[in-house]
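Record features (Swiss-Prot):
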- 1-19: signal peptide (SIGNAL)
- 69-98: disulfide bond (DISULFID)
- 87, 155, 295: (1,3-beta-D-glucosyl)n 1 binding site (BINDING)
- 90: N-linked glycosylation site (CARBOHYD)
- 104: N-linked glycosylation site (CARBOHYD)
- 146: N-linked glycosylation site (CARBOHYD)
- 156, 197, 202: (1,3-beta-D-glucosyl)n 2 binding site (BINDING)
- 156: active site, proton donor (ACT_SITE)
- 160: N-linked glycosylation site (CARBOHYD)
- 211-350: disulfide bond (DISULFID)
- 218: N-linked glycosylation site (CARBOHYD)
- 235-266: disulfide bond (DISULFID)
- 263: active site, nucleophile (ACT_SITE)
- 284: N-linked glycosylation site (CARBOHYD)
- 308: N-linked glycosylation site (CARBOHYD)
- 334: N-linked glycosylation site (CARBOHYD)
- 344: N-linked glycosylation site (CARBOHYD)
- 354: N-linked glycosylation site (CARBOHYD)
- 370: N-linked glycosylation site (CARBOHYD)
- 374-427: disulfide bond (DISULFID)
- 383-449: disulfide bond (DISULFID)
- 402-409: disulfide bond (DISULFID)
- 423: N-linked glycosylation site (CARBOHYD)
């Protein structure tokens, strides 16, 4: 009898981790929980990565951090927040207990799909099978939690006009993540993008990610479900107009998807008073904006923390925390109900390309990475990569090889300005190197395979 009771309790405990919690949905430009409009009152929640190793993932939702999650969830809930944003996780770890801790405090998790190793590089952008596989792993791990509120397919990938072409890869990542969720028959989880507040490309970026490109390239389901802006324009006791909030709201007033501040909280004036909260949740902004996420929970070297976490784990609330709590407690934004809401707005036209400020076409997006296609492409090649060269070595050899014979690189080459992407641009760097080496060798003879030992002939 005792054994049965223990077993029953274990089953109840396990099922509690996945107890029903109303997921968020989108209609038009608003988030909803059940029939009631949902305004984001969020906090960025991510400890710093190792200062000496930026590829290290410190996963705040992993089971090893369960005690921290439980305490932090209560502190964040007491603040008045209903969302945390997490920038990187290790999908191979267990997250049940931490997700339950936040669910128990009615807190949703908005999660970046990328990590320091798999994010889209703004200067040398790719969207390949390794990256897509990593995104899929995060989706697989977190789709089962009903308090997984949304996924970000990228964060500040574009930060000036010169790297605007990288946004094509973001749109491809959005498309493939959404289609993967659909193909696996998971519940619909919104996939969007968090952008830097960069004046020179701000309007083009928003239009490009949300425009209906089907009529241009027949690429369906690639529109971003929402847009976030990392915006620090309001500092101290600013106001709606001086801060730039009025101008940003006007720029986005006709968009048809939810838009929110994916980061806010300027610290040029300290302690932070968060008077912008009154504007964000006021009638001036709520027709366009769905709230915002304050940067950030724990105090780090950049001095944005709401909570000081000591070396012994003690949590000490800062003046910033108390100021934000008072501001959030004082707001009462108008609520829209889903059943009676008739969305308005206009889906933007895809922005026209130009060589100076927006060198990216919407006529085509990068191909969907496909492991089978890539594996088959490198089978039985006469010349292929020798082992696993480093990323820098691959870039060096491909740069030289493609310079001497661009035809050998046609199937692995991309041109976002022209909207052209080779069939194997979604393959890994090593696979692309093998494909190019083999094509070059076919035209220039077996002696051209080596490239200093990077390539090798196969018997």
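Backbone N, Cα and C atoms are what each Cβ position is placed from, and that goes for glycine too.
As the structure is a computational prediction, the values presented were derived from the model and not from experiment.
In this structure, residue 350 (disulfide bond) belongs to neither helix nor strand by DSSP; it is coil.
Counting only residues at least six positions away in the same chain, the Cβ atoms of 128, 129, 369, 373, 374, 377, 378, 412, 435 sit under 8 Å from the Cβ of residue 427 (disulfide bond).
Site extent for (1,3-beta-D-glucosyl)n 2: the farthest pair of Cα atoms among 156, 197, 202 sits 11 Å apart.
Taking each of the glycosylation sites 146, 160, 344 in turn and counting other Cβ atoms within 10 Å of its Cβ gives the largest count for 146. Per Cα geometry, 155 is the residue among the recorded positions 155, 160, 211, 263, 423 nearest to residue 90 (N-linked glycosylation site). Considering only the disulfide-bonded residues 235, 449, the Cβ with the fewest other Cβ atoms within 10 Å is that of 235.
What surrounds the (1,3-beta-D-glucosyl)n 2 site, by Cβ distance within 8 Å of the Cβ centroid and not counting 156, 197, 202, is the set 158, 159, 195, 196, 198, 201, 205, 229, 230, 231 from the same chain. Counting every protein chain shown, the Cβ of residue 104 (N-linked glycosylation site) has 16 other Cβ atoms within 10 Å. Residue 69 (disulfide bond) sits 11 Å from residue 104 (N-linked glycosylation site), taking the Cα positions as reference. Residue 98 (disulfide bond) falls within a helix when secondary structure is assigned with DSSP.
Among the residues 87, 155, 295 said to bind (1,3-beta-D-glucosyl)n 1, no two Cα atoms are farther apart than 14 Å.
Burial estimate for the recorded positions (155, 370): highest at 155, by number of other CB atoms within 10 Å.
You'll find the Cα of residue 160 (N-linked glycosylation site) roughly 9 Å from the Cα of residue 202 ((1,3-beta-D-glucosyl)n 2 binding site). Cα-Cα distance from residue 423 (N-linked glycosylation site) to residue 197 ((1,3-beta-D-glucosyl)n 2 binding site): 34 Å (rounded to the nearest whole number).
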